[in-house]
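Engineer: My questions all concern the structure below.
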């Protein structure tokens, strides 16, 4: 049965990197992949067309699709809009609407890019971490929240950090099941010494861990985890954490690899439906200049094939094509170094197609 993908170009470099990735998708379809796709706007593009960053047309298409592929959202020209209308709110809205509670962010250092990391190569060579971040709870979505005026006239900002047992259980299963396909280690990260939210988190992870006796479970405070990611990152396999801690740690881990332009991400629901996007932003400073690195988006397509279409063979085919391109010495500006060949966004896309 034909699977359907909703493709959201987004803002900034989004249309360029998505265009190169769709060329890869088209070639896979020509080779026999039974998939159809349709475009819809999200973020600033959607606001310009519909007056809302996540309009009804996009909602309906994404709800019906088996998976969603996104470029990037956000641009300075929208910074003065009311908060609910800003492009980034469209991304939050689609995660909530599709109940995408599990964010998977790999941090992989390809051997060809070992010199791109700011850390010594012996510390990061062979790095392969997966950060599993809970995406729909925690302080980003907790109520009540707001800014209020106190009796003394001073203003106070407040937010609510909270997690339910069921929210923790389902992300724990994702973390342990991911670890089973890797090196069978989960490190649960929180701040259980001062936060009741993560005290419960730790308790539930211990409970769920008993269902996965082949996976080693450890716990770490978030401040120590941030330090250990820089000191000895290869000790980690799967890091499982809440929304706000995961937001910070996944960005930190991404820079161990030298360029966030290489890193894909997946956000999944309980049935494997997912939103796939590069970890980087919309980079409006280079938008429209054919300079962007499309490889994170291409690798996001590989994750889509793996997690939503259960097509491991084609996922590996795409990942191998990316590695071959790097072995050929081709580099966009963000990963360029002396002795390699600087190429444009579309030239990188050409190279991936040629090796696919």
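Placement of Cβ uses the backbone N, Cα and C atoms for every residue, glycine included.
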Engineer: The substrate site in Swiss-Prot includes 95, 133, 223. Which of 83, 105, 145 is also listed there?
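Structural biologist: Swiss-Prot lists 95, 133, 223 binding substrate, and from 83, 105, 145 it also lists 105.
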Engineer: On the three-state reduction of DSSP, what should I expect for residue 293 (NAD(+) binding site)?
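Structural biologist: Looking at the DSSP assignment, residue 293 (NAD(+) binding site) belongs to neither helix nor strand, so coil.
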Engineer: Using a 10 Å cut-off on Cβ-Cβ distances across all protein chains shown, tell me which of the recorded positions (95, 105, 191, 291) has the largest neighbour count.
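Structural biologist: That would be 105, with the highest Cβ count within 10 Å.
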Engineer: Report the same-chain neighbours of residue 281 (NAD(+) binding site): residues 6+ apart in sequence with Cβ closer than 8 Å to its Cβ, ordered by sequence.
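Structural biologist: Those within reach of residue 281 (NAD(+) binding site), by Cβ under 8 Å and sequence separation of 6 or more, are 12, 72, 74.
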Engineer: Restricting to the binding-site residues 283, 285, 287, 291, which ones have a CA within 10 Å of the CA of residue 105 (substrate binding site)?
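Structural biologist: Qualifying among 283, 285, 287, 291: none.
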